[in-house]
Every structure is written in structure tokens, then in C-alpha cells.
Amino acid sequence: MPMFRIRLPKPAALIAAGGIGACIATVAVPSAYAAAPAPADSRLGVTASLDRLPSIGERSTLTVNITAETDVKRAGLSLQLPPALRIVDRNPSLAAPTTDPFGQRTSRTLTLTPGTRTIELEVKAVATGPAQIQADISDIDRPDPRRAGHASVELTIGKAKGSTAKGMSVTKADATPVSGPTTPGRPVRPGAAAPAAPSTPPQAAAPGKRYAPVCVSGTLRNRFQSSEGGSWNSKASRDLPVSNANVTLWGRATAGGGTQKLAAGLTGNGDGTFKLCYTPSTSVTSQVWAEFQTQAGTMWSVVDGYNRRYSTTSNALSNVSGNKSLGTVYANSGQSRAWHAFDTLNKLWWDRGSTSTCWTSNQRDGRCTPITVQWYPGSTDGTYWTNRDDKVHLADSDPDSGHTTVHEAGHSLMGKLYNGWWPYVTNCSPHYINRTSSTTCGWTEGFADAVAFHTFKDTVMTWGNGSSMNLANDRGTRGMDWGDACEARVGTALVDLWSQVDGGWTKSNTMMSRERQSTFREYFLTDRPAYGLDSGPKARNILYGHTIQY
């Protein structure tokens, strides 16, 4: 496995590029989703830039350059502005912008010839805070990450002239208000100045006196955009609870007192609810608030470019006595992709096919290794996993696709099943999901595809730009190569074996945790029968339907 260096985020510039000429880290497990170098006749690229950093009320020119190295009959251009920016002078070639909780979106279908096309439009800053402009270009008729480009411009809009800065910091942030995605005000959070003392000062507990327990409840939710159910120019909007997130209840017993950890727990699986209780030391607790982190116990987490977990802090409750509710707390809008990736891993966790309380059966209870995802706004460090640090690296818009997140996590799962060992994989960079690569690439990538299919109960692959491809196949499927060197054939054959022969994938995963396979042939012919998994006529017929014959 080659070594590589994790690229840490740098302050964002005014210009961002994606697609053509993108630089990729050398990794051992290149993904079907990675923006790997593609043949010259299949490249699309896009850049986006602002001519100035606008403060609130000021305008700036957004310039988008689309580059093609081949003819593309229908290229889809999608532009998304955050709620803090508004289109004020639209280029007439673009569709009328639509507005939703995520900001404004406009698009256009283009016919491209080799060269560069430029589109300009005027935008205005209408609110302060972190902001991200995104541009996507893709081949509508041939969805594939190698025929697509993504660009991102990040800035933090200030109120006073000249106060807007490059880049955006959202690792630690306040919750987004229930009524909308942004707010000029900031809720009280740890370290903030203490409010005025309550009109009735709290009474300190007399020696030996105990006050009744206080419970604080609420629900954590996340608003995000999803490629599942969306399209290249309109991803689906989702508003869902966040499951199994670490939550800590903090407080100050008195107005001038120090911050204390009162209680900790997890949000509820499926509903995002929490109820944390503590025994106060005074009759009234001056302040109480909740902090949520993108970590589930110690089993999985999402971190930024510096390996820090994202955290969202609720508004503070004042003068607390008796049971209270924080109501619905929304993850900070700038962190929505981190929380989406986090909650996507929860789907995989509850159907991971393990007989232990770890990700895989070969790990002992209480001695589990986690799955870690690294993502940050504007990231170009993706899309891949490495077994050197057992970390998934997602690029900027990757978390919008749950399939992408789980595909990469599927590599981590295989690495755990193999206890850190990895096959010697050849002819896998680049590789195409529906084309022949090698039998080792077809096996490792096909397994990761199958993990995504199994988790989402489908055979549709989605990408972060909203495009998708249905990979359901048989011997008559056109546009897909035959055999076990094609990952789509391997992935769909695996899920059919699990569902139609094995009664789920737990037995297969247990077998994989005891034996190592470099190819699908080895998995099917050698190890399945050795562990009592069917490789007879019914199983072979499934493979035959997916053009795999042994």
C-alpha cells in the first residue's frame, strides 16, 4: 500500500476549480467516485471566482468558466448560492433562479465543443456569516464523475466594508434556528459572556441537601440536500433527525460560575431525541445548553481537515429548575454535509452484518476500531479510502450522495474484515463502474458497491452532483462489460447472493473475517463452499445472469 500525505485545508481563495487537471493523492484504493484522471476525450471542468469579497449590501461579479476537451451534446451547469448571497443581475442564458432553505439555484443545459465558455452574473451579500458558492458541470447523458466537474468558493461575509474574509470556519458552530437556515444573532455558547444574574438568586445547597434531578430534552435534526431522489440540477431537500450523535449537557450553576459538564448521552436512533438528567447543586441553574458532535460513541465520526469533530451548540436555557425542553435543534447549516455523512454511516451500522458489537465479527466487543470520515467545505481531497490510516476522504459535495459515503465506508469495512490486510490490486486507477478493469479491482470495488446497494436496498449509484446510474443488469444489458473484472457485475451478483441464497450478508461477512480473498473467483469457488455457503446451481445461476461463469 503506497504511503500518501493527507492534504490539510488551506484558506480558501476567491477562485476554485474542479474537473480537468484535478490533482489526486496516490492511494491504494481508488474509488469509482474519485475525480481520477480520465481519457482526454472525456474531461469536463469548471471554475468559479468572485472579482471582490463583498460585505453585507455590496455586490460582486461571479465568473464561471466551463471547459470541455470533447464535444458534449447536453452538459448540465448548476449554480448554487447560499442564503447569504442573492442573484441580482442574472445572465439571460441561465434559468430563473429558484429559492429554498439552502439558498438560490440556477442552471442551464449547454452544448459544448472543445474550449472554454464563460458565464457571468452579479450577486449581492444580504447576510453575514459563512457562505459557499458551488458550481457543477456534468454530462447529462453519460453520468460519471469523470465527465463532471465541481467548483466551490468559500467566504465569510462581514458587516463592515472590507471585513469579509476568504474561507469559512464551521467546525464549531451554533445551531441553525428552527425558522430558517441563517441568523444574524448568536445563541449563548460555552465561553460566552454570562448574562445578567436572575432576579431571584439561586440558593446554594445546604450541607447534605439534595435538589430534585433536572432533565433537559429535545431533538437534533439536519437539513441537507440529497442526490438520492434528486437530479443534476435539483437535489432533493431533506429534513431528518440525526441518530446516535454524542450529546453533552453543559451548564453554569451561577451567573459567574465556571462551565460544568452535567450529563452526556446519544441522540435516539431513528428520531434524534435526547433526554439528559443531572442533579443540580443549586435551586436554579443559571445556564444550561447542549453540544452535539459528529461522533457516535466511539464507533464512527466525521472530522474536518485537522481531524477535529464538528460540533453544534444549542441555545442556552436560563434560570433552569425542573424539567425543560430545548425543542428542535438544527445542526448548523454550514455543517449539514458533515452531519449527513455522519447519519448515513448510521444506516450502515444497523445493517453491518456483524455478530459482535463492532463493525466486524473478528473484532472483540469493547476493542472495536471506528470508521472515520474526513470532510470539510470546499475539499478537493477525495474521493477515496486508504488502509494506512483507515480513513475515508470525501470531497466537497460527496456527502450529498449517501451511496458515495457508504461505498467508501465499504472499503473500510472490507479492511476490518481482513484485519488490515489488503489484496494486491492492479489496473484500478482509473477504473469505471461499468467497464472492465482487473479481477482484483472488480472484487474490491464491487464489494464496496454491494455494501452501498445492500444499505440502500437498490442498485442505483448516485454521485455528489446529483446524477445517478441504475446498475441493475443481466446478460442483455447494454453499455456494461461482462465478467468478474467489471465491478458493477460483481457488486450486483453479491447482493443477489446475499438476498437470494444466504439469507443476508452476515454469514458471508463472517467468512470474510476468517479468510482473505483477492478476487471474486476466490470468494465464490474456494471460500464460500469451505464455510458452508452455497456455490451450487442456484448460486451459479445468479452469477450467470450477471455474466460471470466459473
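Even glycines carry a Cβ here, placed using N, Cα and C.
Per Swiss-Prot, the listed range annotated as region 'Disordered' is 160-209 (candidates: 160-209, 360-409). Taking the Cβ of H411 (Zn(2+) binding site) as centre and 10 Å as the limit, one finds 25 other Cβ atoms among all the protein chains shown. In this structure, the CA atom of E408 (active site) is 9 Å away from the CA atom of E445 (Zn(2+) binding site).
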